[in-house]
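Q: According to Swiss-Prot:
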BINDING   11-34  NAD(+) binding site
BINDING   SER139  substrate binding site
ACT_SITE  TYR152  active site, proton acceptor
Amino acid sequence: MYDLTGKHVCYVADCGGIALETSKVLMTKNIAKLAILQSVENQPAIARLQSIKHSTQIFFWTFDVTMARQEMKKYFDEVMVQMDYIDVLINGATLCDERNIDATINTNLTGMMNTVATVLPYMDRKMGGAGGLVVNVTSVIGLDPSPVFCAYSASKFGVIGFTRSLADPLYYTQNGVAVMAVCCGPTKVFVDRELNAFLEYGQTFADRLRRAPCQSTAVCGLNIVTAIERSENGQIWIADKGGLELVTLHWYWHMADQFLSYMQSTDDENQEQFVSGQR
């Protein structure tokens, strides 16, 4: 179990919907500090969060997840002045706009990766940090394809690939930063929006999604925090239909484990075995 008591949490997302509900639950876990970085100011939401736990310090910054990494560094230098350190980084910014592929990829994938790359040095044990946990909030259509929301699905597949790659022991054993992901199923705040399909053939299905059964943002937020508390490095969870399920991960490339051993080995014999296995 990961104990959130006394932790310094940084949440990068819009303070509404899933992010707001997740933050409400976090405020009941006796965290010491909560930094919220979002694209627009939402003072009523901040006030609601503060009313849950007056002793938890809440800090807010307007933040564009698609900004260049150099600009991100300036923001997080300011964040660290107030936060001292970050125990938990939650990436929750998301966009589903099939008519704007660049914005969808930049928000869901590129921006998230730049955020992680910017924050990791502050958390890295070998760089003076205390280790910690990175949580990538993503979607179930990052695990299985969506013929309707193709660009959105592709960006979320990227999040899963990034999460699993960064969770490799090659990094974790050195920097002490665990990485996990929570894949949310259809949730009210998402399906309530007007959504466009990638191709017009799928628009009927996109429209029908607005009437489909879905979980509430409150239940999804609760399960995200539960997944964090149960987390181990590299885990992928599904938060859907009010439940929480641990994903069984598979290696589809039969040489994957041998390739990693080869990359980490200085032994000529091991390298020769890898080359022989490919023939």
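Any Cβ shown, glycine's included, is placed from N, Cα and C.
Fair warning: this is a prediction, and the values are worked out from it, not measured in the lab.
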Q: Roughly how many angstrom lie between the C-alpha atoms of the residue listed as 'substrate binding site' and TYR152 (active site, proton acceptor)?
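A: The residue listed as 'substrate binding site' and TYR152 (active site, proton acceptor) have their Cα atoms 9 Å apart.
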Q: Should TYR11 (NAD(+) binding site) be counted as helix, strand, or coil on the basis of DSSP?
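A: TYR11 (NAD(+) binding site) sits in a strand per DSSP.
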Q: When DSSP states are folded down to helix, strand and coil, where does the residue listed as 'substrate binding site' land?
A: strand
Q: Quick one: of the binding-site residues TYR11, GLY17, LEU20, LEU26, LYS29, which has its CA closest to the CA of the residue listed as 'active site, proton acceptor'?
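A: Smallest Cα separation from the residue listed as 'active site, proton acceptor' among TYR11, GLY17, LEU20, LEU26, LYS29: GLY17.
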Q: Highest CB neighbour count within 10 A among the binding-site residues SER23, SER139?
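A: Output for this query is SER139.
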Q: Just counting, how many other CB atoms are there within 10 A of the CB of TYR11 (NAD(+) binding site)?
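A: Step by step: centre on the Cβ of TYR11 (NAD(+) binding site), count other Cβ atoms within 10 Å, giving 23.
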